[in-house]
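Lifted from TrEMBL, the feature list:
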TRANSMEM  43-64  transmembrane segment
TRANSMEM  85-104  transmembrane segment
DOMAIN    102-390  domain 'FAE'
ACT_SITE  CYS246  active site
ACT_SITE  HIS325  active site
DOMAIN    408-488  domain 'Beta-ketoacyl-[acyl-carrier-protein] synthase III C-terminal'
ACT_SITE  HIS409  active site
ACT_SITE  HIS413  active site
ACT_SITE  HIS442  active site
ACT_SITE  ASN446  active site
Amino acid sequence: MAGDLNIGAAGDGGPAVGVQIHQHRRLPDFLQSVNLKYVKLGYHYLISHLLTLCLIPIMIVILIEASQMNPNDIRQLWIHLQYNLVSVIICSAVLVFGSTVYIMTRPKPVYLIDYACYRPPDHLKAPYERFMRHSRLTGDFDESSLEFQRKILERSGLGEETYVPEAMHTIPPNPSMAAAREEAEQVMYGALDNLFSTTGIKPKDIGILVVNCSLFNPTPSLPSMIVNKYKLRGNIKSFNLGGMGCSAGVIAVDLAKDMLQVNRNTYAVVVSTENITQNWYFGNKKSMLIPNCLFRVGCSAVLLSNKSSDRSRAKYRLVHVVRTHRGSDEKAFRCVYQEQDGNGKTGVSLSKDLMAIAGGALKTNITTLGPLVLPISEQLLFFCTLIAKKFFKNDIKPYIPDFKLAFDHFCIHAGGRAVIDELEKNLQLSPTHVEASRMTLHRFGNTSSSSIWYELAYIEGKGRVRKGHRVWQIAFGSGFKCNSAVWKALRTVKPSDHSPWADCIDKYPVELVM
(Lines of atoms letter the chains of each structure in order from A and count residues from 1; the text may use other names and numbers.)
(Lines give C-alpha, C1' and ligand atoms only; values in the text may rest on other atoms or scores of the structure.)
Protein backbone atom coordinates (compact mmCIF):
# COMPACT_ATOMS: atom_id res chain seq x y z
CA MET A 1 0.00 0.00 0.00
CA ALA A 2 3.02 2.33 0.28
CA GLY A 3 2.61 3.55 -3.27
CA ASP A 4 -1.20 3.48 -3.50
CA LEU A 5 -3.56 6.36 -2.90
CA ASN A 6 -7.34 6.43 -2.65
CA ILE A 7 -8.91 9.61 -4.00
CA GLY A 8 -12.50 10.80 -4.21
CA ALA A 9 -13.94 14.20 -5.02
CA ALA A 10 -16.08 16.15 -2.56
CA GLY A 11 -18.82 18.57 -3.49
CA ASP A 12 -16.78 20.73 -5.68
CA GLY A 13 -14.29 18.26 -4.64
CA GLY A 14 -13.20 17.82 -1.06
CA PRO A 15 -10.59 15.14 -0.78
CA ALA A 16 -12.80 12.15 -0.68
CA VAL A 17 -10.98 8.97 -1.02
CA GLY A 18 -11.73 5.62 -2.49
CA VAL A 19 -9.80 4.98 -5.66
CA GLN A 20 -6.31 3.63 -5.62
CA ILE A 21 -4.04 5.67 -7.88
CA HIS A 22 -0.41 4.64 -7.92
CA GLN A 23 1.82 7.41 -6.66
CA HIS A 24 4.47 7.93 -4.01
CA ARG A 25 3.25 11.01 -2.21
CA ARG A 26 1.07 10.42 0.84
CA LEU A 27 0.16 12.34 3.95
CA PRO A 28 3.33 13.26 5.89
CA ASP A 29 4.49 10.61 8.33
CA PHE A 30 3.67 12.30 11.63
CA LEU A 31 4.75 9.33 13.72
CA GLN A 32 8.50 9.81 13.80
CA SER A 33 8.28 10.50 17.50
CA VAL A 34 9.83 8.74 20.47
CA ASN A 35 7.33 6.41 22.08
CA LEU A 36 6.58 7.92 25.48
CA LYS A 37 3.54 5.78 26.08
CA TYR A 38 4.49 4.58 29.56
CA VAL A 39 5.51 7.95 31.01
CA LYS A 40 3.14 10.34 29.28
CA LEU A 41 0.12 9.68 31.47
CA GLY A 42 2.00 10.52 34.66
CA TYR A 43 3.66 13.50 33.05
CA HIS A 44 0.32 14.70 31.69
CA TYR A 45 -1.27 14.47 35.14
CA LEU A 46 1.62 16.30 36.82
CA ILE A 47 1.69 19.22 34.37
CA SER A 48 -2.08 19.53 34.05
CA HIS A 49 -2.46 19.75 37.83
CA LEU A 50 0.70 21.76 38.47
CA LEU A 51 -1.17 24.90 39.54
CA THR A 52 -3.37 22.90 41.90
CA LEU A 53 -0.38 21.10 43.38
CA CYS A 54 1.35 24.44 43.99
CA LEU A 55 -1.72 26.11 45.50
CA ILE A 56 -2.47 23.32 47.97
CA PRO A 57 0.55 23.97 50.27
CA ILE A 58 -0.08 27.74 50.06
CA MET A 59 -3.70 27.26 51.09
CA ILE A 60 -2.61 25.00 53.96
CA VAL A 61 -0.19 27.67 55.25
CA ILE A 62 -2.90 30.37 55.00
CA LEU A 63 -5.40 28.23 56.89
CA ILE A 64 -2.88 27.47 59.62
CA GLU A 65 -2.06 31.18 60.03
CA ALA A 66 -5.75 32.10 60.06
CA SER A 67 -6.53 29.50 62.72
CA GLN A 68 -3.90 31.07 65.01
CA MET A 69 -5.37 34.61 64.82
CA ASN A 70 -7.13 36.02 67.89
CA PRO A 71 -9.77 38.78 68.07
CA ASN A 72 -7.08 41.41 68.65
CA ASP A 73 -5.30 40.43 65.41
CA ILE A 74 -8.56 40.76 63.47
CA ARG A 75 -9.21 44.20 65.00
CA GLN A 76 -5.74 45.38 64.01
CA LEU A 77 -6.31 44.18 60.44
CA TRP A 78 -9.58 46.16 60.24
CA ILE A 79 -7.88 49.32 61.52
CA HIS A 80 -5.13 48.87 58.93
CA LEU A 81 -7.72 48.66 56.13
CA GLN A 82 -9.47 51.82 57.43
CA TYR A 83 -6.24 53.82 57.17
CA ASN A 84 -5.82 52.56 53.60
CA LEU A 85 -9.42 53.20 52.54
CA VAL A 86 -8.44 55.02 49.33
CA SER A 87 -6.32 52.09 48.19
CA VAL A 88 -9.12 49.65 48.97
CA ILE A 89 -11.65 51.74 46.98
CA ILE A 90 -9.30 52.08 44.01
CA CYS A 91 -8.57 48.35 43.94
CA SER A 92 -12.28 47.54 44.21
CA ALA A 93 -13.15 49.97 41.40
CA VAL A 94 -10.48 48.48 39.13
CA LEU A 95 -11.73 44.98 39.91
CA VAL A 96 -15.36 45.90 39.17
CA PHE A 97 -14.41 47.76 35.97
CA GLY A 98 -12.24 44.90 34.72
CA SER A 99 -14.95 42.35 35.44
CA THR A 100 -17.53 44.48 33.62
CA VAL A 101 -15.32 44.87 30.56
CA TYR A 102 -14.63 41.13 30.49
CA ILE A 103 -18.31 40.22 30.75
CA MET A 104 -19.33 42.73 28.06
CA THR A 105 -16.62 41.81 25.53
CA ARG A 106 -16.31 38.04 25.88
CA PRO A 107 -17.78 36.00 22.98
CA LYS A 108 -21.33 34.81 23.45
CA PRO A 109 -21.56 31.04 23.83
CA VAL A 110 -23.06 29.22 20.85
CA TYR A 111 -25.15 26.17 21.68
CA LEU A 112 -26.08 23.28 19.42
CA ILE A 113 -29.62 22.41 20.43
CA ASP A 114 -30.01 19.50 18.02
CA TYR A 115 -29.44 18.42 14.43
CA ALA A 116 -31.03 16.12 11.88
CA CYS A 117 -29.66 14.02 9.01
CA TYR A 118 -31.75 13.08 5.99
CA ARG A 119 -32.45 9.39 5.43
CA PRO A 120 -33.47 8.74 1.77
CA PRO A 121 -36.19 6.20 0.94
CA ASP A 122 -35.14 2.63 0.26
CA HIS A 123 -36.04 2.70 -3.43
CA LEU A 124 -33.09 5.08 -4.01
CA LYS A 125 -30.52 2.53 -2.84
CA ALA A 126 -27.75 1.78 -5.31
CA PRO A 127 -26.05 -1.57 -4.70
CA TYR A 128 -22.97 -2.36 -6.77
CA GLU A 129 -24.75 -4.55 -9.29
CA ARG A 130 -27.48 -2.02 -10.01
CA PHE A 131 -24.96 0.82 -10.23
CA MET A 132 -22.82 -1.02 -12.78
CA ARG A 133 -25.84 -2.18 -14.79
CA HIS A 134 -27.17 1.37 -15.08
CA SER A 135 -23.73 2.72 -15.96
CA ARG A 136 -23.50 0.22 -18.81
CA LEU A 137 -27.05 0.86 -20.05
CA THR A 138 -26.51 4.61 -20.35
CA GLY A 139 -24.12 3.96 -23.24
CA ASP A 140 -21.88 6.85 -22.18
CA PHE A 141 -18.96 4.79 -20.82
CA ASP A 142 -16.49 2.59 -22.68
CA GLU A 143 -15.31 -0.77 -21.32
CA SER A 144 -12.19 0.73 -19.77
CA SER A 145 -14.25 3.30 -17.84
CA LEU A 146 -16.73 0.67 -16.69
CA GLU A 147 -13.94 -1.53 -15.36
CA PHE A 148 -12.36 1.49 -13.66
CA GLN A 149 -15.64 2.31 -11.90
CA ARG A 150 -16.02 -1.30 -10.80
CA LYS A 151 -12.58 -1.25 -9.17
CA ILE A 152 -13.35 2.05 -7.47
CA LEU A 153 -16.50 0.62 -5.91
CA GLU A 154 -14.70 -2.49 -4.69
CA ARG A 155 -11.96 -0.48 -2.98
CA SER A 156 -13.94 2.55 -1.87
CA GLY A 157 -15.27 1.36 1.48
CA LEU A 158 -18.88 1.94 0.39
CA GLY A 159 -21.50 -0.66 1.19
CA GLU A 160 -24.53 -1.94 -0.73
CA GLU A 161 -27.11 0.44 0.82
CA THR A 162 -25.98 3.92 -0.24
CA TYR A 163 -28.35 6.18 -2.16
CA VAL A 164 -28.33 8.03 -5.48
CA PRO A 165 -31.01 10.53 -6.59
CA GLU A 166 -34.15 9.58 -8.48
CA ALA A 167 -32.87 11.05 -11.76
CA MET A 168 -29.97 8.58 -11.79
CA HIS A 169 -32.28 5.55 -11.48
CA THR A 170 -33.88 6.15 -14.87
CA ILE A 171 -32.61 4.97 -18.25
CA PRO A 172 -31.47 7.24 -19.72
CA PRO A 173 -30.61 9.42 -16.69
CA ASN A 174 -32.51 12.69 -16.34
CA PRO A 175 -30.03 15.36 -15.12
CA SER A 176 -32.47 18.22 -15.70
CA MET A 177 -32.88 21.42 -13.70
CA ALA A 178 -36.29 20.27 -12.52
CA ALA A 179 -34.86 16.95 -11.29
CA ALA A 180 -32.00 18.76 -9.51
CA ARG A 181 -34.48 21.08 -7.78
CA GLU A 182 -36.54 18.07 -6.75
CA GLU A 183 -33.47 16.40 -5.21
CA ALA A 184 -32.58 19.60 -3.32
CA GLU A 185 -36.13 19.94 -2.02
CA GLN A 186 -36.32 16.32 -0.88
CA VAL A 187 -33.08 16.35 1.11
CA MET A 188 -33.34 19.86 2.59
CA TYR A 189 -37.01 19.68 3.52
CA GLY A 190 -36.59 16.14 4.81
CA ALA A 191 -33.80 17.20 7.19
CA LEU A 192 -35.58 20.40 8.25
CA ASP A 193 -38.92 18.68 8.90
CA ASN A 194 -37.08 16.26 11.15
CA LEU A 195 -35.25 19.09 12.94
CA PHE A 196 -38.36 21.18 13.57
CA SER A 197 -40.36 18.19 14.83
CA THR A 198 -37.66 17.04 17.28
CA THR A 199 -36.83 20.50 18.68
CA GLY A 200 -40.30 22.04 18.67
CA ILE A 201 -38.85 25.24 17.20
CA LYS A 202 -41.22 27.22 14.99
CA PRO A 203 -39.77 28.18 11.59
CA LYS A 204 -40.62 31.85 12.18
CA ASP A 205 -38.30 31.84 15.23
CA ILE A 206 -35.28 31.35 12.96
CA GLY A 207 -33.28 34.55 12.56
CA ILE A 208 -30.26 33.26 10.61
CA LEU A 209 -30.16 30.72 7.78
CA VAL A 210 -26.95 29.40 6.17
CA VAL A 211 -27.07 26.85 3.34
CA ASN A 212 -24.01 25.31 1.71
CA CYS A 213 -24.07 23.31 -1.53
CA SER A 214 -21.04 23.36 -3.79
CA LEU A 215 -22.23 22.48 -7.28
CA PHE A 216 -25.91 23.39 -7.45
CA ASN A 217 -26.75 27.06 -7.04
CA PRO A 218 -30.03 27.86 -8.80
CA THR A 219 -31.96 31.12 -8.92
CA PRO A 220 -33.81 31.72 -6.66
CA SER A 221 -31.21 30.36 -4.25
CA LEU A 222 -31.46 27.33 -1.99
CA PRO A 223 -32.02 29.53 1.11
CA SER A 224 -34.86 31.27 -0.76
CA MET A 225 -36.44 27.88 -1.46
CA ILE A 226 -36.39 27.17 2.28
CA VAL A 227 -37.76 30.63 3.16
CA ASN A 228 -40.60 30.06 0.69
CA LYS A 229 -41.36 26.53 1.89
CA TYR A 230 -41.48 27.33 5.63
CA LYS A 231 -42.63 30.96 5.33
CA LEU A 232 -39.70 32.25 7.35
CA ARG A 233 -39.85 35.82 8.58
CA GLY A 234 -39.09 38.72 6.27
CA ASN A 235 -36.04 40.04 8.16
CA ILE A 236 -34.21 36.70 8.24
CA LYS A 237 -30.49 36.89 7.45
CA SER A 238 -29.88 34.20 4.83
CA PHE A 239 -26.64 33.10 3.20
CA ASN A 240 -25.82 30.72 0.35
CA LEU A 241 -22.31 29.18 0.25
CA GLY A 242 -21.24 27.55 -3.02
CA GLY A 243 -18.10 25.99 -4.45
CA MET A 244 -16.45 25.22 -1.09
CA GLY A 245 -16.40 21.43 -1.15
CA CYS A 246 -16.70 18.98 1.71
CA SER A 247 -15.36 21.40 4.31
CA ALA A 248 -18.19 23.88 3.70
CA GLY A 249 -20.23 22.49 6.59
CA VAL A 250 -17.65 23.75 9.09
CA ILE A 251 -17.42 27.08 7.22
CA ALA A 252 -21.21 27.43 7.45
CA VAL A 253 -21.10 26.79 11.21
CA ASP A 254 -18.36 29.41 11.55
CA LEU A 255 -20.45 31.96 9.64
CA ALA A 256 -23.50 31.20 11.79
CA LYS A 257 -21.36 31.57 14.92
CA ASP A 258 -20.18 35.03 13.81
CA MET A 259 -23.74 36.10 13.05
CA LEU A 260 -24.89 34.90 16.47
CA GLN A 261 -22.28 37.16 18.08
CA VAL A 262 -23.97 40.30 16.71
CA ASN A 263 -27.63 39.22 16.75
CA ARG A 264 -29.00 38.74 20.25
CA ASN A 265 -31.37 36.03 21.42
CA THR A 266 -31.94 34.26 18.15
CA TYR A 267 -31.65 30.92 16.41
CA ALA A 268 -29.49 29.96 13.44
CA VAL A 269 -30.06 26.99 11.13
CA VAL A 270 -27.20 25.55 9.07
CA VAL A 271 -28.15 23.26 6.16
CA SER A 272 -25.33 21.28 4.53
CA THR A 273 -25.86 19.20 1.40
CA GLU A 274 -24.60 18.38 -2.10
CA ASN A 275 -26.59 17.90 -5.28
CA ILE A 276 -25.74 14.94 -7.48
CA THR A 277 -28.37 15.11 -10.23
CA GLN A 278 -26.74 17.75 -12.44
CA ASN A 279 -23.19 16.86 -11.50
CA TRP A 280 -22.99 13.26 -12.69
CA TYR A 281 -20.09 12.86 -15.10
CA PHE A 282 -20.94 11.12 -18.41
CA GLY A 283 -17.44 10.98 -19.91
CA ASN A 284 -14.47 8.61 -19.88
CA LYS A 285 -11.73 10.64 -18.18
CA LYS A 286 -10.61 8.51 -15.25
CA SER A 287 -9.96 11.28 -12.72
CA MET A 288 -13.47 12.65 -13.35
CA LEU A 289 -15.27 9.31 -12.91
CA ILE A 290 -14.43 9.01 -9.23
CA PRO A 291 -17.24 11.25 -7.88
CA ASN A 292 -19.87 9.10 -9.64
CA CYS A 293 -18.76 6.13 -7.58
CA LEU A 294 -18.30 7.83 -4.22
CA PHE A 295 -20.83 10.62 -3.84
CA ARG A 296 -24.24 9.78 -2.49
CA VAL A 297 -27.42 11.55 -1.36
CA GLY A 298 -27.32 13.22 2.05
CA CYS A 299 -28.16 16.39 3.98
CA SER A 300 -27.91 17.73 7.52
CA ALA A 301 -29.71 20.54 9.34
CA VAL A 302 -28.22 22.00 12.52
CA LEU A 303 -29.99 24.28 15.01
CA LEU A 304 -27.74 26.75 16.87
CA SER A 305 -28.68 29.29 19.54
CA ASN A 306 -27.08 32.10 21.55
CA LYS A 307 -29.86 32.19 24.14
CA SER A 308 -28.62 31.47 27.66
CA SER A 309 -31.98 29.83 28.42
CA ASP A 310 -31.21 27.14 25.81
CA ARG A 311 -28.12 25.87 27.59
CA SER A 312 -30.09 23.43 29.71
CA ARG A 313 -31.54 21.61 26.70
CA ALA A 314 -28.61 21.97 24.28
CA LYS A 315 -26.51 18.97 23.35
CA TYR A 316 -23.20 20.76 22.73
CA ARG A 317 -21.41 24.08 23.02
CA LEU A 318 -19.17 25.26 20.18
CA VAL A 319 -15.65 25.63 21.55
CA HIS A 320 -13.40 26.35 18.54
CA VAL A 321 -13.47 26.65 14.77
CA VAL A 322 -10.10 26.61 12.97
CA ARG A 323 -9.95 27.19 9.21
CA THR A 324 -6.94 26.65 6.94
CA HIS A 325 -6.86 27.87 3.33
CA ARG A 326 -4.02 26.97 0.93
CA GLY A 327 -5.51 28.72 -2.10
CA SER A 328 -2.52 31.05 -2.53
CA ASP A 329 -0.53 28.05 -3.77
CA GLU A 330 -1.29 27.31 -7.44
CA LYS A 331 -1.05 23.52 -7.08
CA ALA A 332 -3.36 23.55 -4.08
CA PHE A 333 -5.80 25.81 -5.88
CA ARG A 334 -6.05 23.51 -8.92
CA CYS A 335 -5.81 20.10 -7.27
CA VAL A 336 -9.61 19.77 -7.20
CA TYR A 337 -10.93 21.56 -10.27
CA GLN A 338 -14.25 21.59 -12.07
CA GLU A 339 -13.77 21.63 -15.83
CA GLN A 340 -14.78 20.08 -19.14
CA ASP A 341 -13.00 17.10 -20.66
CA GLY A 342 -11.92 16.92 -24.30
CA ASN A 343 -15.47 16.05 -25.39
CA GLY A 344 -17.09 18.92 -23.55
CA LYS A 345 -18.39 16.79 -20.64
CA THR A 346 -18.25 18.65 -17.30
CA GLY A 347 -16.81 17.05 -14.19
CA VAL A 348 -14.45 17.53 -11.26
CA SER A 349 -10.81 16.72 -12.01
CA LEU A 350 -8.52 15.50 -9.23
CA SER A 351 -4.78 16.14 -9.27
CA LYS A 352 -2.24 13.47 -8.35
CA ASP A 353 -0.86 15.97 -5.82
CA LEU A 354 -4.11 15.90 -3.86
CA MET A 355 -2.93 13.82 -0.90
CA ALA A 356 0.32 15.72 -0.49
CA ILE A 357 -1.61 19.02 -0.53
CA ALA A 358 -4.17 17.63 1.91
CA GLY A 359 -1.32 16.61 4.22
CA GLY A 360 0.14 20.13 4.19
CA ALA A 361 -3.27 21.66 4.95
CA LEU A 362 -3.82 19.17 7.76
CA LYS A 363 -0.44 19.95 9.35
CA THR A 364 -1.18 23.68 9.26
CA ASN A 365 -4.62 23.16 10.73
CA ILE A 366 -3.55 20.98 13.65
CA THR A 367 -0.59 23.27 14.35
CA THR A 368 -3.09 26.10 14.82
CA LEU A 369 -5.61 23.96 16.68
CA GLY A 370 -3.11 22.28 19.00
CA PRO A 371 -2.40 25.21 21.37
CA LEU A 372 -6.15 25.77 21.76
CA VAL A 373 -7.09 22.23 22.79
CA LEU A 374 -4.05 20.24 23.89
CA PRO A 375 -3.16 19.94 27.58
CA ILE A 376 -0.10 21.91 28.66
CA SER A 377 1.90 18.69 29.02
CA GLU A 378 1.59 17.94 25.29
CA GLN A 379 2.35 21.53 24.35
CA LEU A 380 5.53 21.56 26.44
CA LEU A 381 6.70 18.28 24.95
CA PHE A 382 6.09 19.57 21.44
CA PHE A 383 7.78 22.92 22.15
CA CYS A 384 10.85 21.39 23.81
CA THR A 385 11.26 18.91 20.95
CA LEU A 386 10.98 21.73 18.44
CA ILE A 387 13.68 23.77 20.22
CA ALA A 388 15.95 20.74 20.54
CA LYS A 389 15.52 19.98 16.84
CA LYS A 390 16.70 23.52 16.01
CA PHE A 391 19.99 22.85 17.79
CA PHE A 392 20.55 19.19 16.94
CA LYS A 393 19.01 19.30 13.43
CA ASN A 394 18.01 15.81 12.30
CA ASP A 395 19.27 14.07 15.43
CA ILE A 396 15.94 14.74 17.16
CA LYS A 397 12.78 13.17 15.84
CA PRO A 398 9.72 15.44 15.72
CA TYR A 399 7.14 14.92 18.45
CA ILE A 400 3.54 14.62 17.38
CA PRO A 401 1.08 15.63 20.14
CA ASP A 402 -1.41 13.05 21.33
CA PHE A 403 -4.77 14.46 20.29
CA LYS A 404 -6.53 11.65 22.15
CA LEU A 405 -5.78 13.65 25.30
CA ALA A 406 -7.75 16.58 23.88
CA PHE A 407 -10.69 14.81 22.24
CA ASP A 408 -12.97 11.93 23.12
CA HIS A 409 -14.55 11.50 19.69
CA PHE A 410 -13.35 12.07 16.13
CA CYS A 411 -15.55 12.86 13.12
CA ILE A 412 -13.22 12.65 10.12
CA HIS A 413 -14.94 13.51 6.85
CA ALA A 414 -16.01 10.22 5.27
CA GLY A 415 -14.57 11.07 1.87
CA GLY A 416 -12.98 7.69 1.37
CA ARG A 417 -11.00 4.90 2.93
CA ALA A 418 -7.45 6.16 2.39
CA VAL A 419 -7.83 9.52 4.15
CA ILE A 420 -9.36 7.74 7.15
CA ASP A 421 -6.50 5.20 7.08
CA GLU A 422 -3.85 7.91 6.99
CA LEU A 423 -5.35 9.97 9.80
CA GLU A 424 -5.79 6.86 11.93
CA LYS A 425 -2.13 6.02 11.45
CA ASN A 426 -0.55 9.45 11.75
CA LEU A 427 -2.63 10.68 14.68
CA GLN A 428 -2.23 7.32 16.45
CA LEU A 429 -5.99 6.78 16.67
CA SER A 430 -7.56 3.48 17.60
CA PRO A 431 -10.06 1.63 15.37
CA THR A 432 -12.82 2.83 17.71
CA HIS A 433 -11.87 6.47 17.11
CA VAL A 434 -12.35 6.13 13.34
CA GLU A 435 -15.24 3.67 13.51
CA ALA A 436 -17.88 6.38 12.97
CA SER A 437 -16.12 7.61 9.82
CA ARG A 438 -15.70 4.13 8.34
CA MET A 439 -19.27 3.06 9.09
CA THR A 440 -20.73 6.30 7.72
CA LEU A 441 -18.78 5.79 4.50
CA HIS A 442 -20.02 2.19 4.33
CA ARG A 443 -23.69 2.94 5.07
CA PHE A 444 -24.25 6.34 3.41
CA GLY A 445 -21.22 6.89 1.16
CA ASN A 446 -19.58 10.27 0.76
CA THR A 447 -22.37 12.75 1.53
CA SER A 448 -19.93 15.68 1.23
CA SER A 449 -20.19 18.41 3.86
CA SER A 450 -22.95 16.65 5.81
CA SER A 451 -20.90 13.49 6.47
CA ILE A 452 -19.47 14.77 9.78
CA TRP A 453 -23.03 14.96 11.15
CA TYR A 454 -23.88 11.41 10.10
CA GLU A 455 -20.72 10.39 11.97
CA LEU A 456 -21.72 12.27 15.12
CA ALA A 457 -25.17 10.64 14.88
CA TYR A 458 -23.42 7.24 14.77
CA ILE A 459 -21.41 8.02 17.92
CA GLU A 460 -24.58 9.17 19.69
CA GLY A 461 -26.45 6.11 18.44
CA LYS A 462 -23.85 3.93 20.16
CA GLY A 463 -24.44 5.82 23.42
CA ARG A 464 -20.83 6.95 23.67
CA VAL A 465 -21.25 10.72 24.26
CA ARG A 466 -21.01 11.69 27.94
CA LYS A 467 -21.23 15.08 29.60
CA GLY A 468 -17.93 16.94 29.20
CA HIS A 469 -16.75 14.91 26.20
CA ARG A 470 -15.11 16.81 23.36
CA VAL A 471 -15.80 16.10 19.69
CA TRP A 472 -13.44 17.01 16.84
CA GLN A 473 -14.99 17.41 13.40
CA ILE A 474 -12.43 17.74 10.60
CA ALA A 475 -13.11 18.10 6.88
CA PHE A 476 -11.24 18.88 3.65
CA GLY A 477 -12.47 20.88 0.68
CA SER A 478 -11.41 22.30 -2.66
CA GLY A 479 -9.50 25.54 -2.74
CA PHE A 480 -7.64 23.87 -0.89
CA LYS A 481 -9.07 23.93 2.65
CA CYS A 482 -8.87 21.98 5.90
CA ASN A 483 -11.35 23.05 8.59
CA SER A 484 -11.96 21.90 12.15
CA ALA A 485 -14.79 22.37 14.64
CA VAL A 486 -14.60 21.43 18.31
CA TRP A 487 -17.73 20.79 20.38
CA LYS A 488 -18.16 20.08 24.10
CA ALA A 489 -21.05 17.90 25.26
CA LEU A 490 -23.21 19.69 27.83
CA ARG A 491 -25.00 16.49 28.84
CA THR A 492 -24.96 12.79 28.27
CA VAL A 493 -26.57 12.36 24.85
CA LYS A 494 -29.04 9.54 24.45
CA PRO A 495 -29.65 7.81 21.08
CA SER A 496 -32.39 9.53 19.07
CA ASP A 497 -35.37 7.80 17.50
CA HIS A 498 -35.03 10.25 14.57
CA SER A 499 -31.41 9.34 13.85
CA PRO A 500 -30.55 8.03 10.36
CA TRP A 501 -29.02 5.07 12.22
CA ALA A 502 -32.09 4.37 14.38
CA ASP A 503 -33.09 1.08 12.73
CA CYS A 504 -29.63 -0.25 11.91
CA ILE A 505 -27.18 0.93 14.58
CA ASP A 506 -27.10 -2.53 16.18
CA LYS A 507 -25.80 -4.01 12.90
CA TYR A 508 -22.65 -1.90 13.13
CA PRO A 509 -19.72 -1.96 13.12
CA VAL A 510 -19.44 -4.34 10.19
CA GLU A 511 -16.23 -6.01 9.12
CA LEU A 512 -14.80 -4.31 6.05
CA VAL A 513 -12.76 -6.01 3.36
CA MET A 514 -9.50 -4.05 3.18
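Backbone N, Cα and C define each Cβ position, glycine as well.
When Cβ atoms from all protein chains are considered, those within 10 Å of HIS409 (active site) total 23, not counting its own. Over all protein chains present, the Cβ of HIS413 (active site) has 36 other Cβ atoms lying within 10 Å. The Cβ of HIS442 (active site) lies under 8 Å from the Cβ of GLY157, LEU158, GLY159, VAL510, LEU512, each of which sits 6+ residues away along the same chain.
Across the domain 'Beta-ketoacyl-[acyl-carrier-protein] synthase III C-terminal' (408-488), DSSP assigns 34 helix, 21 strand, 26 coil. Taking Cβ-Cβ distances under 8 Å and a sequence separation of 6 or more, the neighbours of HIS325 (active site) in its chain are GLY479, PHE480, LYS481. For CYS246 (active site), the count of additional Cβ atoms within 10 Å of its Cβ stands at 36 [all protein chains shown]. Counting every protein chain shown, 33 other Cβ atoms lie within 10 Å of the Cβ of ASN446 (active site).
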